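S.K.: Would you mind keeping the following structure in view while I ask a few things?
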Amino acid sequence: MRAWIFFLLCLAGRALAAPQQTEVAEEIVEEETVVEETGVPVGANPVQVEMGEFEDGAEETVEEVVADNPCQNHHCKHGKVCELDESNTPMCVCQDPTSCPAPIGEFEKVCSNDNKTFDSSCHFFATKCTLEGTKKGHKLHLDYIGPCKYIAPCLDSELTEFPLRMRDWLKNVLVTLYERDEGNNLLTEKQKLRVKKIHENEKRLEAGDHPVELLARDFEKNYNMYIFPVHWQFGQLDQHPIDGYLSHTELAPLRAPLIPMEHCTTRFFETCDLDNDKYIALEEWAGCFGIKEQDINKDLVI
């Protein structure tokens with residue numbers, strides 16, 4: 001499913017087709033404690049762009065491996081790998097960048113916020129790990145997916161167009177997930193009920209490369225169709241922790257793939273943070289997309 005979501009993000013290049021330039025932003029990747037995969041439906045997060053790991057084999061085999069290798073279920077953050085100390089206790093250590101798999105194409109490259117291209121995200125995070133505890137390491141973040149390129153400034157006129165395309169894209173992603181959901185658990189039952197109303201509405205603007213004037217008119221005419229998609233995306237991003245606020249880290253999975261296609265991405269999210277506290281609350285997020293204050297409802301974040 002995560003591969004399917006990556007495909008949707010690629011399609012966003014057309015739906016969100018503005019000049020292919022962007023500004024520098026930040027991403028901080030937190031180390032995750034060892035946690036096994038929970039029962040969250042695969043694909044519940046529409047902005048995860050990494051491929052999941054697939055384990056084949058019977059339970060007995062897995063149990064034997066775990067017993068022989070304590071690192072089996074010890075998860076480390078990006079840039080680190082598990083090794084055993086003298087007492088056979090698993091620990092996370094920085095990965096040697098040279099041990100990263102060789103890239104197979106340009107699409108694997110990433111750009112850091114100091115405008116340096118890395119062969120892959122593995123190479124970037126392994127390098128960042130070696131700089132832990134230094135000023136340079138603290139400031140170094142993954143900016144966007146793809147090799148570094150010239151990023152033009154986002155003009156005020158362009159900034160006003162960004163939420164028009166983004167709103168339409170969010171709605172279309174939800175509708176697509178709904179159409180592909182049969183037997184795939186892409187959406188929860190509550191989400192399906194909400195999206196069903198959008199899907200069956202004959203007034204819904206079909207996905208396509210529409211002029212911003214049409215997108216603006218559609219938002220005005222069919223405003224109610226956009227309320228849930230905006231809330232839904234906030235809920236997909238607000239994961240670590242689930243606290244009603246989006247950090248730079250939580251925004252990164254959405255931001256990084258969009259920046260090469262939408263050069264106003266960084267500035268848009270910066271303007272959403274009205275109180276400049278480095279976090280975007282639900283009220284700020286919804287307001288950025290034109291949702292009226294009386295229609296902002298935490299119960300819609302499902």
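Glycine is treated like the rest: Cβ placed from N, Cα and C.
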S.K.: So Cys94 is in a disulfide according to Swiss-Prot. Which of these is its partner: Cys122, Cys129, Cys148, Cys154?
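M.R.: That would be Cys129, the partner Swiss-Prot lists for Cys94.
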S.K.: Identify which of Cys100, Cys111, Cys122 is listed by Swiss-Prot as the disulfide partner of Cys148.
M.R.: Cys111
S.K.: Which of these binding-site residues is closest to Cys94 (disulfide bond) if you go by CA atoms: Asp273, Asp277, Tyr279, Glu284?
M.R.: Tyr279
S.K.: Are there residues of the same chain, six or more positions away from Cys82 (disulfide bond), whose CB falls under 8 angstroms from its CB, and which are they?
M.R.: Cys71, His74, His75, Cys76, Pro90, Met91, Cys92, Val93
S.K.: Name the residue among the binding-site residues Asp277, Glu284 whose Cβ has the smallest number of other Cβ atoms within 10 Å.
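M.R.: So among Asp277, Glu284, the binding-site residues given, the one with the fewest Cβ atoms within 10 Å is Asp277.
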S.K.: Please name which of the disulfide-bonded residues listed here, Cys111, Cys122, Cys129, is nearest in space to Glu284 (Ca(2+) binding site), Cα against Cα.
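M.R.: Of the disulfide-bonded residues Cys111, Cys122, Cys129, Cys111 has its Cα closest to that of Glu284 (Ca(2+) binding site).
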S.K.: How do the residues of the domain 'EF-hand' (260-295) split into helix, strand and coil according to DSSP?
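M.R.: Result for the domain 'EF-hand' (260-295), in helix, strand, coil order: 18 helix, 2 strand, 16 coil.
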S.K.: Which ones in the same chain are close to Cys111 (disulfide bond), with CB under 8 Å and 6+ residues apart in sequence?
M.R.: Thr117, Phe118, Leu142, Asp143, Tyr144, Ile145, Gly146, Pro147, Cys148, Lys149
